[in-house]
Amino acid sequence: MEILMIITVGVLVTVATYLLLSKSMLRVIIGVMILSHGAHLMLLSLAGLKEGSPPLLGEEAASYADPLPQALILTAIVIGFGITAFMLVLAYRTYKAHKTDNLDELRGTKDD
Amino acid sequence: MTNLVILPILIPLLIGVLLIFFKNHKSIQRVSSVLAVTAMIIASGYLLYIVYNNGIQVIELGAWPAPFGIVLVADLLAASLVFLASILALVCLFFAYQTFSAERERNYFHPFFLFLMLGVNGSFLTGDLFNLFVFFEVMLISSFILISMGAKKYQLRESFKYVVINTVSSMFFIIAVAYIYGAVGTLNMADIASRVGELEQAGVLTVIGVVFLFVFGTKSAIFPLYYWLPHSYFAPPAAIAALFGGLLTKVGVYTLLRTYTLMFNQDTAIFQILLIIGGLTMFIGVLGAVSQFDFKRILAVHIVSQVGYMIMGIGIFTPLAIAGVFFFLVHNIVVKSALFLYAGIAEKITGTSHLKEMSGLLKTHPYVGWLFFIAAISLAGIPPLSGFFGKFALIVAGFEAGHYFVIAVSLITGVLTLFSMMKIFMTSFWGEVKIPNPNFKDVKVTKLILPTLPLIFLTIALGVAAEPFIQFSLLIGEQLMNPSEYIDSVLKE
């Protein structure tokens, strides 16, 4: 199972890298989102995909799953959600101001 | 009094949240943010006093014992940087009141300014790696908003790149946290530090250290990861640029200092890498500054070169070098912000920040010129001012450790720094009066100069009374090089 997860992480990071290198702003944002999913999945799998009961008090079980990675990922997802929303608004305003979403045309030029 | 440690985080959080509800009340916003920042100064000053007298202060949040719960730790380094950051915040706040338009203040400038301080103070005080990530993100999101506020064409374009680059490096932060949790099984920094000795494969830790170097290196703009800085820091107005130039990259340097002295100190090869990176950062940074012809841009590129000195100090890795890094860090926070504020004043007077379009400011505004001169030669490291002593400690430490080549590079960098600062002074302040702004006589600068005076006073005081500050820095150097005190006070052993 761990092997499968790590391959999935690799695929996600590859796709994210490809999208980050593209010219369209929207593709770059989607790339960042996919990269964050890859990072979260990696956090989950590197902490060990333990088999066991949910970490609840008062339950009789031989072993309990580690609750910490899930708490960390929950926090990271919330932060990623906020950043993605902000980036979408920023990209929209940039598009309105510059009339283009091509990052090649948004390079630093003489007008600065 | 252990709850004192949380006050520098709690004050900006509470006031910042409250101020969101007073969007249209300018005076309430101004008064309460000044009160909040003043309260931060008092709280962190008292914290520094307590830490200096009674040792490291630790608070376990929710009363969970250390390796399991989240801890906030105030040692001498963290407490003094929080104190300094609060002073800088007050200066920038007063400067912002003189320069900002009413519209900018109405658009939630104050809450995000306070949230930025919350993130900075939290990053200094936290003792937990994932918590560090969270405070970094609080700081970064506030900085995204402050840098894009105003929505000029240039700002929008550059802040999009700034946001993407910083978000990608934050994702690598999560990956590094995942690595370290997989390898050691804990995220508490003191606990990691006490367990690294027992780790069977020491090589894993070096890999994680290099991933952290990438993450913190992007935030602190080291070679070759500084590409985003000169453009982004040019975009916002002077008060925000001063806060960013003074603080944000230094938070990255602080985290490098903390992680490399505490956790990744096993492998000496990584310090060789830091030494090489430090040399390249300062040299390439200063070359960039020499080639520019814009007031703000020269200062922005200079940040890169100054960060190089600190990275070099971490690379030398002796108590004296760490003391030098701390002294230089304090000096740089003070002087860099002062220079950015003078760039803002010059831009306010002349209406431009390009050096070729202005000259003769010394005749029309002598005080601005001479105060800028003091800050500039302090940055270049002329003896009676604070810049000299930070560099002096670093160079002596480098000689003792036998790193002659990088010391030579740092001396050449010092000369080039002096050259680029004098270029600003000679082209914009000397010569015939040439000011493109037609109604420059109406610009009142007295109110603009007043907030910058504490910074100039600090750089002179740090230089003239260097002896006690050097002693204090040496104390910090000793404390960082012997992490057992930190580990013991967090884990209560």
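Every residue gets a Cβ built from N, Cα and C, even glycine.
Automatic, uncurated: that is what TrEMBL annotation is.
Residues annotated as transmembrane segment in TrEMBL: B:6-22, B:34-52, B:108-126, B:132-151, B:163-182, B:202-226, B:269-291, B:298-317, B:323-346, B:367-389, B:401-425, B:445-466 (among others). According to TrEMBL, the domain 'NADH:quinone oxidoreductase/Mrp antiporter transmembrane' annotation covers B:127-417.
Counted as Cβ pairs under 8 Å, contacts with the transmembrane segment (B:445-466) are highest for B:323-346 among B:6-22, B:163-182, B:202-226, B:323-346, B:401-425.
The transmembrane segment (B:298-317) is in contact with the transmembrane segment (B:401-425), judged by 3+ CB-CB distances under 8 Å for residue pairs 6 or more apart in sequence. Away from its own ends, the transmembrane segment (B:367-389) comes close to residues 302, 306, 327, 330-331, 334-336, 338-339, 342, 345-346, 349, 361, 414, 417-418, 421-422, 424-425, 429, 445, 449, 452-453, 455-456, 458-464, 466, 469-470 of its chain (Cβ-Cβ under 8 Å, at least six residues beyond either end). Residues 5, 8-9, 12-13, 15-17, 19-20, 23, 29-30, 32-33, 36-37, 40, 44, 70-74, 78, 81-82, 85-86, 89, 93, 96, 100, 132, 134-143, 145-146, 149, 243, 247-248, 251, 254-255 of the same chain, all 6+ positions outside the transmembrane segment (B:108-126), place their C-beta atoms under 8 angstroms from a C-beta of that stretch.
Long-range Cβ contacts of the transmembrane segment (B:34-52) within its own chain (Cβ-Cβ under 8 Å, at least 6 residues beyond either end) map to 1, 4-5, 7-8, 11-12, 15-16, 74-76, 79-80, 82-83, 86-87, 89-90, 93-94, 114, 117, 121. With a cut-off of 8 Å between Cβ atoms, the residues of this chain six or more beyond the transmembrane segment (B:6-22) that come close are 28-29, 32-33, 35-37, 39-40, 43-44, 47, 59, 61, 72, 82, 86, 108, 110-112, 114-115, 117-118, 121-122, 125. Panel annotation: around the transmembrane segment (B:323-346), residues 77, 80-81, 84-85, 88, 91-92, 95, 99, 237-239, 241-243, 245-247, 250, 253-254, 257, 295-296, 299, 302-303, 306, 309-310, 313-314, 353, 358, 361, 368, 371-372, 375-376, 378-379, 386-387, 389-394, 396-397, 428, 445, 448-449, 451-452, 455-456, 458-459, 462, 469-470, 473-474, 476-477 of the same chain, lying at least six beyond its termini, place a Cβ under 8 Å from a Cβ of the stretch.
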